[in-house]
């Protein structure tokens with residue numbers, strides 16, 4: 001008799017016995033019902049508002065204890081009780097074949113039970129953007145954990161003839177294995193002891209897989225448990241046929257064999273425990289593995305880089321499980337660094353000298369955290385920091401920068417690592433760039449850069465410009481000598497020859513002849529540029545101060561380098577926090593400013609002086625109001641010089657007042673300039689049936705009285721842009737969702753030579769409205785017109801623009817400290833010029849961002865992520881776009897009505913019932929078929 005027929009026949013027998021028992025059906029139904037009840041009720045799936053099935057798998061290790069114990073409680077105990085075990089023992093087939101047959105049957109039943117929960121992830125995928133990697137990993141972990149529990153159940157069942165005793169024993173043993181690595185037990189031990197217990201616990205290993213990381217160590221752990229307890233159950237059954245007082249060679253061989261099996265399984269786990277790189281990250285975007293961008297960055301290291309983790313032995317229970325995840329990620333940097341990255345993990349409390357260094361040199365101080373156990377509530381000073389040091393430069397990441405937290409509907413906090421790879425990679429980039437900024441400027445320039453001065457002959461230049469021309473020769477020469485062949489310079493008089501060069505630079509870049517205000521008949525050229533094979537950058541001349549030229553030259557060269565912190569010029573309303581809290585002074589953008597300073601140098605720009613700071617790599621204009629001619633000229637010329645302008649503006653801004661929400665006219669002064677560039681922003685606001693929630697002041701009328709409450713309501717003016725409205729573009733490609741608040745319709749007809757890219761669009765059920773009363777009312781329905789359409793809510797224009805001005809404004813001459821040629825008028829932009837337009841004044845404001853946090857319950861801010869992506873694309877740092885948008889709580893459910901939520905919940909319950917009914921029908925048909933077969937064979 002071979003293995004396969006025995007296992008197959010035993011599989012059919014066990015399935016028949018199981019489905020023939022009403023108690024078995026009760027356990028299956030209870031398991032499916034408990035899973036769905038926990039997700040929809042205990043964990044408040046819809047109120048949680050996260051598009052994942054994490055609550056299902058968080059409870060799965062506990063639920064599987066009872067399911068697997070119920071499945072296995074009668075397998076061997078019933079054989080022993082009914083007296084059929086002796087029949088099995090005397091069969092010519094090996095006993096382990098019978099054990100495998102019962103194991104296969106129980107595992108098959110487990111898979112059928114898990115299939116009853118499959119409609120849940122299918123539902124999430126149908127309504128939102130679900131990351132299938134952790135889901136599939138979760139089901140793999142459930143199957144492996146279930147196999148281990150089944151092996152334990154078979155072992156306990158083989159030791160008793162009472163099914164109830166088997167059930168209780170299996171629950172106790174599986175529960176002990178689960179509690180071994182749980183926070184309830186590990187909190188009594190030191191960090192090393194707790195980590196050891198987590199490696200032994202079945203639940204902690206399960207959580208490691210369900211987050212989307214399939215580690216060979218975890219797989220081997222579960223397979224070892226399954227093989228070990230299967231071996232013990234076979235050994236227990238084999239002993240039933242032995243003489244009690246005799247010792248035979250066969251018995252010695254069995255004892256030695258089972259000991260060798262257990263020893264080898266233990267040795268395999270101990271050996272693999274030291275191997276940390278045998279794992280697969282199946283999450284979308286590889287959340288727990290370093291990306292190619294991070295690997296490329298560490299290849300630029302020329303000196304050793306230190307990454308040191310400061311972790312306390314006793315930490316908060318919510319932070320403790322995150323520590324091994326962070327350590328594994330940091331170890332990957334060491335592997336990618338190939339000897340240039342040194343990794344250390346320390347507990348400062350165990351080393352006073354190290355703690356003093358952390359406190360005094362790096363400013364790393366312990367954070368007071370309240371922890372509680374069964375005996376007391378205590379305040380511990382815990383470390384959860386990461387230090388990144390490169391030579392003399394360093395950066396510290398605290399736990400507040402490394403984690404993200406949301407409050408569940410039950411009031412319990414959920415804590416996850418926010419985006420550790422991006423945080424650590426950004427820290428590495430910052431210390432590397434800061435170190436290089438104090439050294440060789442040309443180290444980050446990959447191809448030669450040439451300075452070309454389109455300057456007229458000395459006889460044609462005014463005296464001031466002639467002196468400036470002669471003075472800048474020396475810093476140019478010194479820069480060329482220090483560049484190592486990466487920089488050269490030359491001056492070209494455009495009028496030379498037949499003037500072809502003058503015609504070409506005016507046609508290509510708009511470099512028109514300048515005129516001396518003291519001598520209108522004298523014209524000349526004075527344009528300074530930097531160029532490589534890909535771009536041309538015009539250098540601003542400012543006040544023609546030779547002492548400032550080297551700073552201007554360095555700022556221009558940094559635009560060709562990849563190892564310097566970029567500068568962002570921001571023009572936005574300046575509102576003090578006190579005024580903003582009172583709802584006065586227009587929108588405030590403090591969160592936006594903090595976001596910029598986290599990665600870039602921030603320059604607060606005043607466009608009224610007619611210029612943009614020469615250090616600026618990109619210009620951001622948010623919610624402009626009544627810009628004058630000189631300010632528009634500064635904006636125009638920055639674009640003409642090949643710069644990137646990010647503009648967020650609309651004819652309307654929304655402010656809260658005593659009566660609700662007040663729409664205020666905001667005249668930006670840019671209408672004519674935008675029209676010249678082919679951009680038109682409608683004088684209305686866009687509404688969309690697919691919208692986000694908003695904690696709005698709602699008018700409630702009761703009798704003759706009117707009350708004002710703050711309620712979280714569906715608000716069509718908060719447009720919820722999902723995958724179908726996000727373009728396949730670096731700015732929006734990796735975004736799961738963006739909320740655009742109080743946006744106007746955008747119309748663009750790009751001029752010839754300018755490329756249009758649509759970045760954001762609403763759903764097909766959007767419309768524009770001129771209604772001025774936008775305050776939500778109780779039971780307001782916001783009726784949509786019969787015809788709706790997609791509205792453009794964000795776009796990029798790139799190419800050759802022509803200036804809105806025919807000559808510099810006369811008002812420039814009246815500004816203090818300016819000269820006629822100081823602004824160097826440019827008529828046409830190069831191909832690298834970009835204009836990005838978002839038709840909203842408020843979507844990046846502190847008020848709107850705070851409202852989104854309160855309405856969603858998590859810290860993910862889609863508009864800020866959109867802005868960061870826009871900056872990275874504008875600054876040509878697209879390598880970080882892939883990892884910047886990573887987060888655990890950024891995949892949210894779309895807004896739904898209550899009846900839709902109820903329908904989805906009932907559909908999942910119905911699908912589970914339908915699946916169990918289908919299994920019952922198949923089992924009934926199989927029994928009928930077998931009875932018919934026996935009648936036919938027996939001639940009945």
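A Cβ is built for glycine as well, from the same backbone N, Cα and C atoms used for every other residue.
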Completion exercise
transmembrane segment per TrEMBL, picked from 239-255, 256-272, is residues 256-272
Exercise for the section: Determine how many residues of the domain 'DUF7088' (285-388) DSSP places in helix, in strand and in coil. Expected result: 35 helix, 30 strand, 39 coil
Handout entry: Cβ-Cβ under 8 Å with the transmembrane segment (256-272): same-chain residues at least 6 beyond its ends
Key = 216-217, 220-221, 224, 227-228, 231-232, 235, 278
Problem - Segment proximity, the transmembrane segment (219-235) to the transmembrane segment (15-41), 3 or more C-beta pairs under 8 Å - result: no
